[in-house]
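Q: Take this structure, written in C-alpha cells, and hold onto it; I'll ask about it next.
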Amino acid sequence: TVSSITRTLCSSAVRNAAIKHVTVIGGGLMGSGIAQVAAVTGHSVVLVDTSEDILKNSAKNIQGSLKRVVKKKFADKPEAGEEFVQKVMNNISTSTDAASVVQKTDLVVEAIVENLKVKQALFSTLDKVAPAHTIFVSNTSSLPIADIASSTARLDRFGGLHFFNPVPMMKLVEVIKAAGTSQQTFDALLDFTKALGKHPVSCKDTPGFIVNRLLVPYMLEAVRLYERGHGSKEDIDVAMKLGAGYPMGPFELLDYVGLDTSKFIIDGWYEKEPENPLFAPSPLLNKLVAEGKLGKKTGEGFYKYK
Ligand SMILES: C[C@H](O)CC(=O)SCCNC(=O)CCNC(=O)[C@H](O)C(C)(C)COP(=O)(O)OP(=O)(O)OC[C@H]1O[C@@H](n2cnc3c(N)ncnc32)[C@H](O)[C@@H]1OP(=O)(O)O
Ligand SMILES: NC(=O)c1ccc[n+]([C@@H]2O[C@H](COP(=O)([O-])OP(=O)(O)OC[C@H]3O[C@@H](n4cnc5c(N)ncnc54)[C@H](O)[C@@H]3O)[C@@H](O)[C@H]2O)c1
C-alpha cells in the first residue's frame, strides 16, 4: 500500500536522526528540488522565498516532479500515486519570513542567488534567531563556505551541502568541511545526505569543490570553441554526448544550470584569479545574460524552449 511505501521512504533513520526539521531558503531550481527530496524522505520541511507567487510556482514544480516519479513507481496504481504525492506535499509548508520559521529547525539549507553579500546578510539575520543547535549550510556553487559563514557566530555549526540539478535525479551531494566546521557537524551532514538517499563525497572548501572546478571550465571552453567559430553549438553538444558519453552537451547543460548562475560562478573566480585563462569571461555568455536569456528557466538561453 502507499502507506507502507511512504513508511519505507520515511524510514526510522529519520526518526532517530539529529536532523528532522529542515528549512530551505530559496524556492528556485535547487531549493524546490532539495525541499522535495527532504520531504519524500520524511523530513518536515519549510520552504522560504521572497513572495507567495514564487512559492506557489515552487509548489507547482515540486508537484510536477513528483508526478514524474509517481508515473513510474505507481504505474498501475494511479490512486496510490496521488495519495503519495499528497503525503509528500503535506510534509512541506511555505513562508516568506525566514526569521519566523527557523525557530524550530535543525538545519537551514540556503539556495538563494549566488551572491556573497546577499547570502551573508541572510545568514547574519538568521544567526540571531535560530536555536543554538541549528546547523547552517549553503548550496553555493562557487563561493567559499568560510566567507559565507563569517557573517555568523556559529562557524562550528556551518558547512556546505552542494546538490546537483535536477536534485531528485542526481545522486551526488558534495559535503564541505570549512576551516571552522566541527567534526560533529560534518558527521551530521553526512548522515543527513545518506538519509536523503544521496551519495556524499567529502570536499575541502576550495573553489568549485570537485565537480564545478572541472565542469564549469569545461562548459566555458565549449563556449569559447563556439565563439572562435570552430564548431556549431549543435555539433559540439552532439560530439560530447556521443563522443564522451555525457547525458547533455555543454550548451544544453549551461541552459539547464542557468546562464546567470554560470556567469556568477565564472566572474567570481576571474576576479580572484584573472591570470587563469580557464576563468576568462565569455562575451557571448555576458550578452545572453544582459538580454535576460538565462536558459531553460526563462524560455531561452543558447537554445529556445517552448
Ligand atoms: C552548477 C551547479 O553548482 C552544479 C550542477 O548542478 S551542474 C549540473 C549537473 N547536472 C547534470 O549534469 C545533468 C545532466 N543531465 C542528465 O543527467 C539527464 O539529462 C537528466 C537526468 C537531467 C534527464 O535525463 P534524460 O534521459 O536526458 O531525459 P528524460 O528522459 O527527460 O529523463 C530521464 C528520467 O529522469 C526523470 N526526470 C528528469 N528530470 C526530473 C525531475 N526534475 N524530477 C523528477 N524526475 C525527473 C524522467 O522522468 C525520466 O525518467 P524515466 O526515464 O524513468 O522515464
Ligand atoms: N542551477 C544549478 O544547477 C545549481 C546547482 C547547484 C547549486 N546551485 C546554487 O544554488 C543556489 C540557487 O540556485 P538556483 O539555480 O536554484 O537559483 P534560482 O534563481 O532558480 O532560485 C533562487 C531563488 O532564491 C530566491 N531568493 C533570492 N534571494 C532570496 C532571499 N534573500 N530570501 C529568500 N529567497 C531568496 C529567488 O526568489 C529565487 O526563487 C545558488 O547559490 C547556485 O549557485 C545551482
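Numbers run from 1 along the shown chain.
Cβ coordinates come from backbone N, Cα and C, glycine included.
Annotations per TrEMBL:
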BINDING   Gly26, Gly27, Gly28, Leu29, Met30, Gly31, Asp49, Glu114, Lys119, Ser141, Asn165, Lys297  NAD(+) binding site
BINDING   Ser65, Lys72, Ser141  CoA binding site
DOMAIN    21-206  domain '3-hydroxyacyl-CoA dehydrogenase NAD binding'
SITE      His162  site 'Important for catalytic activity'
Q: DSSP three-state call for Lys119 (NAD(+) binding site): helix, strand or coil?
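A: SS state of Lys119 (NAD(+) binding site) = helix.
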Q: Less than 6 Å between Cβ and the nearest atom of ligand 1 is the rule; apply it to the binding-site residues Gly28, Met30, Ser65.
A: Ser65
Q: Gly26, Asp49, Ser65, Asn165: which of these binding-site residues put a Cβ within less than 6 Å of any ligand 2 atom?
A: Gly26, Asp49, Asn165
Q: What whole-number distance in angstrom separates the two most remote CA atoms of the NAD(+)-binding residues Gly26, Gly27, Gly28, Leu29, Met30, Gly31, Asp49, Glu114, Lys119, Ser141, Asn165, Lys297?
A: 22
Q: On a count of neighbouring CB atoms within 10 A, which of the binding-site residues Ser65, Ser141, Asn165 is highest?
A: Ser141
Q: What's the CA-CA gap between Met30 (NAD(+) binding site) and Lys72 (CoA binding site) in angstrom, rounded?
A: 23
Q: Near Lys72 (CoA binding site), how many other Cβ atoms are within 10 Å of its Cβ?
A: 8
Q: CB neighbours of Met30 (NAD(+) binding site) within 10 A?
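A: The answer is 25 other Cβ atoms.
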Q: Across the whole of the domain '3-hydroxyacyl-CoA dehydrogenase NAD binding' (21-206), what does the mean pLDDT come to? Round it, please.
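A: Mean model confidence (pLDDT) across the domain '3-hydroxyacyl-CoA dehydrogenase NAD binding' (21-206) is 97.
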Q: Considering only the recorded positions Gly26, Gly28, Asp49, Lys119, His162, which residue has the minimal Cα-Cα separation from Lys72 (CoA binding site)?
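A: The smallest Cα gap between Lys72 (CoA binding site) and any of the recorded positions is with Gly28.
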